[in-house]
Amino acid sequence: MSRRLRRTKIVTTLGPATDRDNNLEKVIAAGANVVRMNFSHGSPEDHKMRADKVREIAAKLGRHVAILGDLQGPKIRVSTFKEGKVFLNIGDKFLLDANLGKGEGDKEKVGIDYKGLPADVVPGDILLLDDGRVQLKVLEVQGMKVFTEVTVGGPLSNNKGINKLGGGLSAEALTEKDKADIQTAALIGVDYLAVSFPRCGEDLNYARRLARDAGCDAKIVAKVERAEAVCDQNAMDDIILASDVVMVARGDLGVEIGDPELVGIQKALIRRARQLNRAVITATQMMESMITNPMPTRAEVMDVANAVLDGTDAVMLSAETAAGQYPSETVAAMARVCLGAEKIPSINVSKHRLDVQFDNVEEAIAMSAMYAANHLKGVTAIITMTESGRTALMTSRISSGLPIFAMSRHERTLNLTALYRGVTPVHFDSAADGVVAAHEAVNLLRDKGYLVSGDLVIVTQGDVMSTVGSTNTTRILTVE
């Protein structure tokens with residue numbers, strides 16, 4: 001097999017396109033590492049069926065594929081129109097009325113499903129409808145009515161989203177539907193659970209408590225899509241530290257903070273998440289044109305490549321695989337771009353946290369292993385023998401061109417590490433401990449074709465294989 005492994009992972013969204021023509025198997029075979037189930041669409045039965053199919057195919061192909069359940073979150077939308085759609089011109093007066101019923105909207109007014117909107121806005125605020133395609137300036141608020149003037153005109157149809165420029169809408173991050181979907185996530189046994197529109201760390205802590213109460217021990221993903229989540233370093237850190245994974249959800253975030261600010265925020269989020277030992281997913285419109293075209297645009301290629309250069313763990317596909325005409329081709333194209341970007345030498349340079357003091361032995365071992373790996377001539381791989389996947393995560397926070405093999409007896413741990421940049425999960429179960437187990441792990445990787453005789457490898461492990469958090473040893477071994 002090729003000695004070169006793709007380091008950046010691919011998250012693919014399931015939907016009607018992956019339900020037909022054996023596309024799900026094709027998508028996983030093409031390189032999907034994580035599948036996303038969007039709880040905004042479909043029934044619990046649909047999600048359970050898809051999850052079962054993913055696990056069946058992954059086992060058949062000998063892959064470890066993580067399952068991510070994505071909660072819908074609060075959807076702040078206009079209601080519906082009598083004719084289904086209206087066209088608003090610049091200068092038109094337009095009323096958002098929280099008391100107006102469904103199907104009563106027209107060119108002068110429409111209902112809103114978020115009844116707290118009038119309390120969240122003041123004259124002068126800019127409301128962005130349909131991802132900013134239509135923009136309204138608030139003139140006055142009277143009771144449950146928000147009087148506005150159209151500043152950017154265009155068509156407006158049923159159930160389009162509402163954002164406030166600069167953020168500040170106070171809708172709670174978890175709805176009753178989300179709480180029901182957490183039960184579904186627990187039933188399915190998702191590996192990751194994504195929380196939409198969190199305002200602060202406490203929203204994520206609340207989601208984690210609800211998940212635990214439901215019997216779901218999934219890692220929590222913070223979808224960063226509100227302006228207040230990135231308004232300063234403290235707000236950003238609050239979100240990151242309360243999560244296990246950060247998703248740079250560029251759609252709603254870009255609408256709220258403005259597209260020109262998005263580039264810097266993406267880079268800052270990725271950099272800070274890595275510093276705080278969190279994984280990162282970069283999402284939204286990464287290969288949007290491939291919904292209907294068999295090849296990506298040059299701009300999309302550059303977007304994916306730049307996310308790789310930023311240090312993201314994973315790049316995500318949404319409608320491209322859920323509803324597109326070329327789901328497996330899109331995954332294959334994204335994989336090629338990732339591999340191309342990973343050839344650039346600068347992404348393997350690391351400062352190794354030389355100015356940081358570590359809080360625990362596990363992190364110290366992970367960092368020392370990576371320092372040795374990047375500075376000892378001839379090292380070809382890092383092997384982390386792990387119960388929880390934590391050591392694999394921490395080693396992957398340090399930039400390196402070397403593969404990291406997460407070796408565990410636990411299927412869930414292997415699925416979790418499928419998301420981490422540069423980490424290849426490999427099932428390994430041994431009754432031995434210490435150096436005997438280390439040699440067994442090295443021999444297994446050699447037999448699988450990942451290593452060859454004479455390779456120099458670095459192994460991290462604990463004294464006892466079955467104890468979580470016990471990593472305390474680094475070994476340097478030569479493959480026999």
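These residue numbers are counts, starting from 1, taken along the chain as shown.
Yeah, the Cβs are placed from backbone N, Cα and C, and that goes for glycine too.
In sequence order, ALA249, ARG250, GLY251, GLY254, MET316, SER318 constitute the residues six or more apart from THR284 (substrate binding site) in its chain with CB-CB distances below 8 Å. Per Swiss-Prot, substrate binding site is recorded for ARG36, LYS223, GLY251, ASP252, THR284.
Swiss-Prot lists ASN38, SER40, ASP70 with the feature K(+) binding site, giving similarity to another entry as the kind of evidence. Reduced to three states, the DSSP call for SER40 (K(+) binding site) is coil.
Positions annotated as ATP binding site by Swiss-Prot, on the basis of similarity to another entry: ASN38, PHE39, SER40, HIS41, ARG77, LYS160. For LYS160 (ATP binding site), applying a Cβ distance below 8 Å and a minimum sequence separation of six or more within one chain yields ARG77, VAL78, LEU129, ASP130, VAL134.
The Mg(2+) binding site annotation in Swiss-Prot covers GLU225, ASP252. Taking Cβ-Cβ distances under 8 Å and a sequence separation of 6 or more, the neighbours of GLU225 (Mg(2+) binding site) in its chain are SER196, PHE197, ALA249, GLY251, ASP252, LEU253, GLU256.
Over all protein chains present, the Cβ of LYS223 (substrate binding site) has 27 other Cβ atoms lying within 10 Å. Residues or ranges marked as site 'Transition state stabilizer' in Swiss-Prot: LYS223.
The binding-site residues near LYS223 (substrate binding site), taking a 10 angstroms Cα-Cα threshold over the set ASN38, PHE39, SER40, HIS41, ASP70, are ASP70. When the Cα atoms are compared, PHE39 (ATP binding site) and ASP70 (K(+) binding site) turn out to be 6 Å apart. Counting only residues at least six positions away in the same chain, the Cβ atoms of GLY15 sit under 8 Å from the Cβ of HIS41 (ATP binding site).
Among the residues the record lists as binding substrate, namely ARG36, LYS223, GLY251, ASP252, THR284, the two farthest apart have Cα atoms separated by 18 Å. The binding residues for ATP are recorded as ASN38, PHE39, SER40, HIS41, ARG77, LYS160; their greatest pairwise CA distance is 18 Å.
Comparing the binding-site residues ARG36, ARG77 by how many other C-beta atoms lie within 10 angstroms of each C-beta, the top residue is ARG36. The C-beta environment of ASN38 (K(+) binding site), restricted to residues of the same chain at least 6 apart in sequence and closer than 8 Å, consists of THR13, LEU14, GLY15, ASP70, GLN72, SER318, ALA322.
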